[in-house]
Amino acid sequence: MKALCWHGKYDVRVDTVPDPIIVDPTDAIVKITATAICGSDLHLYDGYMPTMESGDILGHEPMGEVVEVGSEVTSLKTGDRVVVPFTISCGHCFFCEKTLYSCCDTSNPNADMARKAMGHSPAGIFGYSHMLGGFAGGQAEYLRVPYADVGPIKITSDLPDDKVLFLSDIFPTGYMAAENAQIEPGDTVAVWGCGPVAQFVIQSCWMLGAGRVIAIDRVPERLTMAQEHGKAEIIDFEEEDVYDRLMAMTNGRGPDCCIDAVGCEAHGAGSFDAVLDKAKAALYLGTDRPHVLREAIMCCRKGGTVSIPGVYVGLLDQLPMGAAMNKGLTLKMGQTHVQRYLEPLLEKIEEDQIDPSFVITHSLGLDEGPQAYKTFRDKEDGCIKVVLKP
């Protein structure tokens, strides 16, 4: 089969690789009909994620048709149309029983590797390093899905792929981020970033009762999408000081909730800390660039909440924990427990409360994947979200 494979920093290729096979009796094989490039895939593309190996198959936002099931799979059959969550979860461990699916104790075969870096191992993730399981990803023609009774959700309606594909990751991720923000009716929420996840954060904030949503970015097309589709007020951080503007917009109090939907590759408009972060990364003296998280902590009102769906992979320098502590902030974060949200969010799509396809700007063939990575990474051609059709 054809697959998009990682071969190093900025080096993604279309390779011919063996088709996946049933390994465990709880596996299923899915023929991919649509798959997406995620913003967190760019952390791999940019070389930020350790334990990647040349030839690793990328991708964790897939859907398709079940073509084979293991002998112990009971909920799926050949021909079923499914969306596959990016997290791989067993369904029966301590954490899965608490619906903390991204904390699954069972699904990561390289748990010892993850423990050395994190203290404990999270769940395995498709196409996202050997530290997180070394699983082949979904930017391919076929995908092996472990624990197939636990992960995939069946799509029984005639909704097109583009409307349901993002149940695999970014819609649940945006929704959980808004949920983690502990929004109360009428709250003002500031969202850093206007990429694909942030667009669903914005939509979800309204669903959960926000009174105002303020979106912060510098890319015109992304700000426009946040304003037109997300009905958000916007701040271009290259044109205005974010802290000063947020204070002016909130009568000096600050937003009730701040959401970092950017993560480890944050940019700043020439601020000293942002420049220093980039210099440290260039000299291999640091990993993540936490400018946005610092700014969110400083801007959030006293007693407020900072939600962090943005991905971080290593250590953060000069995080203002004194400000967070003395302001009494709550910080909530984590990989998304996708399986928890699949049914209720699918229901919202089926009831026309939201059409997730609004975020798609580019729909391409799998062979165009390498160029699509570059276009997405460089924010060229108005690119916000790429869907690949094998």
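For all residues, glycine too, the Cβ spot is worked out from N, Cα and C.
Using a 10 Å radius centred on the Cβ of Glu61 (Zn(2+) 1 binding site) and all shown protein chains, the other Cβ atoms total 30. As annotated by Swiss-Prot, Zn(2+) 1 binding site applies to Cys38, His60, Glu61, with the evidence given as similarity to another entry.
Mapped onto three states, the DSSP output places Cys104 (Zn(2+) 2 binding site) in coil. Long-range C-beta contacts of Cys104 (Zn(2+) 2 binding site), restricted to its own chain and to partners at least six residues apart, with a cutoff below 8 Å, comprise Thr87, Ile88, Ser89, Cys90, Cys93, Phe95, Cys96, Pro122, Ala123, Gly124. The annotation Zn(2+) 2 binding site is assigned in Swiss-Prot to Cys90, Cys93, Cys96, Cys104 on the grounds of similarity to another entry.
Feature annotation from Swiss-Prot assigns NAD(+) binding site to Gly193, Cys194, Gly195, Pro196, Val197, Ala198, Asp217. Long-range C-beta contacts of Gly195 (NAD(+) binding site), restricted to its own chain and to partners at least six residues apart, with a cutoff below 8 Å, comprise Gly39, Asp217, Arg222, Ala261, Val262, Ile384. Secondary structure at Gly195 (NAD(+) binding site), as computed by DSSP, is coil.
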With H, G and I counted as helix, E and B as strand and the rest as coil, say where DSSP puts Asp217 (NAD(+) binding site).
-> strand
Applying the rule Cβ within 8 Å of the centroid of the Cβ atoms of Gly193, Cys194, Gly195, Pro196, Val197, Ala198, Asp217, what extra residues of the same chain belong around the NAD(+) site?
-> Gly39, Val191, Gln199, Val201, Ala215, Arg222, Ala226, Ala261, Val262
For Val197 (NAD(+) binding site): intrachain residues, at least 6 apart, with Cβ closer than 8 Å | Gly39, Ile170, Thr173, Gly174, Ala177, Ala261, Pro309, Gly310
Any idea what the Cα distance is from Glu61 (Zn(2+) 1 binding site) over to Pro196 (NAD(+) binding site), rounded to a whole Å?
-> 12
Of Cys90, Cys93, Cys96, Cys194, Ala198, which of the binding-site residues has the most Cβ neighbours inside 10 Å?
-> Ala198
Sorted by position, what residues of the same chain at least six away from Pro196 (NAD(+) binding site) have a C-beta under 8 A from it?
-> Cys38, Gly39, Phe166, Ile170, Val359, Ile384, Lys385
Could you state the whole-number distance in Å separating the C-alpha atoms of Cys194 (NAD(+) binding site) and His60 (Zn(2+) 1 binding site)?
-> 20
